[in-house]
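**Student:** The domain 'CDCP1 first CUB' annotation in TrEMBL covers 3-70. What TrEMBL records for 79-182, 410-500 is domain 'CDCP1 second and fifth CUB'. The feature domain 'CDCP1 third and sixth CUB' is assigned by TrEMBL to 188-291, 514-625. If you look up TrEMBL, you'll see 315-403 marked as domain 'CDCP1 fourth CUB'. Under the heading transmembrane segment, TrEMBL lists 637-660. As annotated by TrEMBL, region 'Disordered' applies to 733-811. The compositional bias 'Basic and acidic residues' annotation in TrEMBL covers 748-757, 802-811.
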Amino acid sequence: ASFTISLRTVDNITVTIKVRPGVLMGCQIRVKNFFRSELKIKPGDNVTFTFACSTPEKYFIMEIQKNIDCVSGPCPFGDVHLYPPGLPRLNRTFIWDVKASTKAGLELKFSTPWLRQIEPGEMCPDFVSYNINSCIDKATVNIGTFCRNGSVSRVKLLGGVILSLHLPWNSPLTTSGFNIANRASIKRLCIIESILKEESSITLMSPNYPLGFPEDELMTWQFVIPSSMRASVFFHNYSLSNCERKEERVEYYIPGSLSNPEVFKLSDSQPANIAGSFNLSLQGCDQDAQNPGILRLLFQVVVQHPQVDENVTHLVDLSKEWNMTVTIHFEGWPSRIPVMSEPICLICKDPRTCDRVQTLVSGAIYKISFLCKDLSRLRITAEKGISCVDLRWCQRKIYSLLVPKAITQLPIQLHKFIWKLLAPDLINIEITSPSLKLQQHVPEQRCNTSYSYSIVGATPETELNVGVFCPGGSIEKIQMRNNVTISLKTFGKGFVNESKHQDLKMSFVPHIKDECSFTVSPNPKAKVYLQTPNWPYGLPPYVSISWYVVVPSKQVARLAFSKDRMGIACETGRAYVNIKEETVGAEETVRREDELLPEPRNMYHDFWVNVSNCKPVDKTQLTLQFRVTLADKQIDLGVILAVVAGAGVLMAIGLTVCCVKKKKKKSQNPMVGVYNANVNTQVPGKQGLFTKGRKNNESHVYAVIDDAMVYGHLLKESNGSVSPEVDVYRPFDGPIGSLPPSPPPLSFRKDIKRTSNTEEPPPVTDTDHDAYTFAHQKSGQSEDIGDTNEKNNGDTSTSLLENKEQDGLVE
């Protein structure tokens, strides 16, 4: 098809058709019998042309520029038309270059649906965009790029203007969408008017963004808002230039304010909850010629209805807190930035100081209010630091790791409370939970509370993630050698009630041996699951971890590992598992990484489990899990019978002695006890209770005989007088076995009397009616039940601290 473009001289329009940038030449323009790659049609020309291809829009673009002189002649006020008609369907750019005096600026008025400013490089949804430039003398300032469907209704400019309208080749738009309203002196770079009738959010930028606002210039944004609405301003991105004179600032003119204009720095929190229309101005400064810097600003204005509870204030008293910050923020902060169009939740320190995020510091009192339809979208994150410099002073102090009531009373969910515990060299940290104790969150025993603690230790080389813990377990104490971060995280709404019973505490203690040490005190009939830190990634190289498990005196603990081997190979050093009971003469069980882990076993006293890592040969790290199960100790029937028999023998001896005394009184002859080696007094007991026993003879029983048969010669020497009773002892020369020569302690006999008529407790087994089985345990594998006839049933184990003091581990 052929096209004819006829331009009148009076219109002062130039049409240029040229090749699209970055496209290889694949088509030409034919004018008469000549082919060319570019065609320029000037005012007064009449040109007919065709394209030598069927899709010229792929290869060519068109510029239509109209020059308007408002300096030497009258300005063509009114609507600006798209002229000339009959243009080919190419990507078009209409350019209006309007010359005007700086004493009489120009006003461009846009028809609905008005304009929306976009950042450089951003594309409009319909690919229709406006670009506005201000021309002052020979300088050009880019006011901004705009799409349709926005709030910008008018733009006033000082001096001339160059406005460009970009249309795609298939756009149905037939009007320019703006008019030249009038001329007026504004004495500033520009004024941008924005009309916001309903709840909305708009983003605006300073001229020349992001390259920099002109030096020592002033511009204004006018926001037209219904008096029934509330507006808030937020600066999202700004930078400052290097000023030699004056100061960069923003000024607000708010109707009804007692201090117009209200002046703010760009770094200040900007006004919020403004009722009705207001103006915002940006003032530059005289810049350093050698290093001018860049002044730029991107900001957001949010308009919403007044909130029902905007006048409700919440007192947050942090005046007695130390080294603590409280941040109130939207859900997902700081990783997620809310979309500009999302409904906004504002936190206000006072009626006009509001923001999406507010940080409160210790030592002050705040009156917080909320401009938000849904407070469930808000969260609280707090952080508190505790440090120790002099152990002599801070070792005497116990710190309570509790969430202050000033936080829990707010109508917002606590997301996280972080304690950063700092300890210098040779000073370590001890974490305790005296009443609730802690449970380690493991796959076999998950936490189901409304909150949990994540404990991380910071070593010079790496972090040691000790694990996740919740209240209601068996761990009384955790000691760590390095700085510690404890993060309390909440789940659901139950934390407000459960937080009243928190009892987590910490203190500073002298240097400990291992990187981390646990003290575990299981409840009766409890099952405790424990695993190495940094699960499931494994212990760091050369790290040593210990567990001290307290076993009640009348119970036995069953220790079992979840797998047969450690599962690592060492490149440097060796990895060890050490197990030892806290009792005199106890043997230590040691296993290396290339050996099988100990079989399940019974532990009758408090015991240690220590895991020491090497440097593994590959990426596989050391991960171990074990469980401790408590049950009542067995009381052997043979021991009961032996005690009863022993009591019977003593009673028989007592009766015999009484009979002898009566006989002595009757015969008036002194009686004497003589050792007889032919009487058997073996205490009846369970067959096979001890491996060795006394022979079945009567060689160690005393018999009572007449005194005169043995001491007759003494009676004769005393002229028949009765001599005092004399005991004669003959040493026992027969064999002696393993049976204790003395009866059991009195306390044990009392226990026997109380339990002799009760049913014998069931034996301690590995299953103990427990449906749980470790994932790596082989089916059918037998377990060592252990010796149930423990000799030290009544012993009480010493505490961890007492044993450390005896071993010289506590300084």
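First residue shown is number 1, and so on along the chain.
Keep in mind that glycine also has a Cβ here, set from the backbone N, Cα and C atoms.
Unlike curated entries, TrEMBL annotations are predicted automatically.
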**Student:** Taking DSSP states H, G and I as helix and E and B as strand, how many residues of the domain 'CDCP1 second and fifth CUB' (410-500) are helix, strand and coil?
**Tutor:** 6 helix, 52 strand, 33 coil
**Student:** Grab the pLDDT values for the domain 'CDCP1 fourth CUB' (315-403) and give me their mean, rounded.
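**Tutor:** Across the domain 'CDCP1 fourth CUB' (315-403), the average pLDDT comes out at 86.
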**Student:** Where DSSP helix means H, G or I and strand means E or B, what are the helix, strand and coil counts for the domain 'CDCP1 first CUB' (3-70)?
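**Tutor:** Split by secondary structure, the domain 'CDCP1 first CUB' (3-70) comes out as 6 helix, 36 strand, 26 coil.
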**Student:** What does DSSP give as the helix, strand and coil breakdown of the domain 'CDCP1 second and fifth CUB' (79-182)?
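**Tutor:** With helix first, then strand, then coil, the domain 'CDCP1 second and fifth CUB' (79-182) has 0 helix, 62 strand, 42 coil.
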**Student:** Would you mind splitting the domain 'CDCP1 fourth CUB' (315-403) into helix, strand and coil residue counts from DSSP?
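**Tutor:** Output for the domain 'CDCP1 fourth CUB' (315-403) reads 7 helix, 41 strand, 41 coil.
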**Student:** Please list, for the domain 'CDCP1 third and sixth CUB' (514-625), how many residues fall into helix, strand and coil according to DSSP.
**Tutor:** 0 helix, 48 strand, 64 coil
